[in-house]
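Student: The structure that follows is given in the form of structure tokens.
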């Protein structure tokens, strides 16, 4: 690997990994990917080698500037502080708080309830309804918030950290067959985001570890 080049430990379908891939693309940061398959061999995140990088045994993890950072929002905050152009957090403190609120609603209030480790615990037959309930509950709140904050994107007309979190979560909703018709604001924003190059190149269907049958 090229010395000094950031290295992202990622799984193609991980929405948390996708958040980081979007941010890296938006900020024009060249990086390398090390795929961590969360299914194969019982989950490569449980290997001793990976646990030395991230004791939480989760992706993403980003090696950058001589440190390794786990947790996607911590990574996004670090990238924003060290490479602030283009901005993902507005300068206005109130708008910045709203962006962080939406990001945290998704990253803490929705995604963890339907991630792989939780779904394994609820049993195969309960996974779909469990995930649907978790996402629907969160989207009910998110839709109401976005109705008052959105412009073209989640908070006004500039892409922010909230958008970086939104698109991957909508992809999860689609994968779990959530009816998105009650969420026109979410759907409208997501459509606009997926038209952007940074969201396309970082998409799960275009990653080095994407299975051939899922590539587009």
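Keep in mind that glycine also has a Cβ here, set from the backbone N, Cα and C atoms.
As listed in Swiss-Prot for this protein:
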MOD_RES   1  N-acetylmethionine
DOMAIN    4-87  domain 'GST N-terminal'
BINDING   14, 15, 16, 17, 18, 19, 45, 59, 71, 72, 111, 115, 116, 117  glutathione binding site
MOD_RES   57  N6-succinyllysine
DOMAIN    92-212  domain 'GST C-terminal'
MOD_RES   136  phosphothreonine
MOD_RES   137  phosphoserine
MOD_RES   177  N6-succinyllysine
MOD_RES   181  phosphoserine
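So where do these features actually land, and what's packed around them?
Tutor: Counted with DSSP, the domain 'GST N-terminal' (4-87) comes out as 35 helix, 16 strand, 33 coil.
Other Cβ atoms within 10 Å of the Cβ of residue 45 (glutathione binding site), summed over all protein chains shown, number 22.
Packing around residue 57 (N6-succinyllysine) is summarised by its Cβ count: 18 other Cβ atoms lie within 10 angstroms of its Cβ, all protein chains included.
Sequence-distant neighbours of residue 136 (phosphothreonine) (same chain, 6+ apart, CB under 8 A from its CB) are 178.
For residue 137 (phosphoserine), the Cβ neighbour count at a 10 Å cut-off comes to 13, with all displayed protein chains included.
Cβ-based neighbour count (10 Å, all protein chains) for residue 177 (N6-succinyllysine) stands at 10.
In the three-state DSSP reading, residue 181 (phosphoserine) counts as coil. Counting only residues at least six positions away in the same chain, no Cβ atom sits under 8 Å from the Cβ of residue 181 (phosphoserine).
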Student: Grab the pLDDT values for the domain 'GST N-terminal' (4-87) and give me their mean, rounded.
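Tutor: A mean pLDDT of 95 is what the predicted model shows over the domain 'GST N-terminal' (4-87).
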Student: Just name the winner among 14, 71, 111 (the binding-site residues) by count of other CB atoms within 10 A of its CB.
Tutor: 14
Student: In whole Å, note down how far the CA of residue 57 (N6-succinyllysine) lies from the CA of residue 16 (glutathione binding site).
Tutor: 13
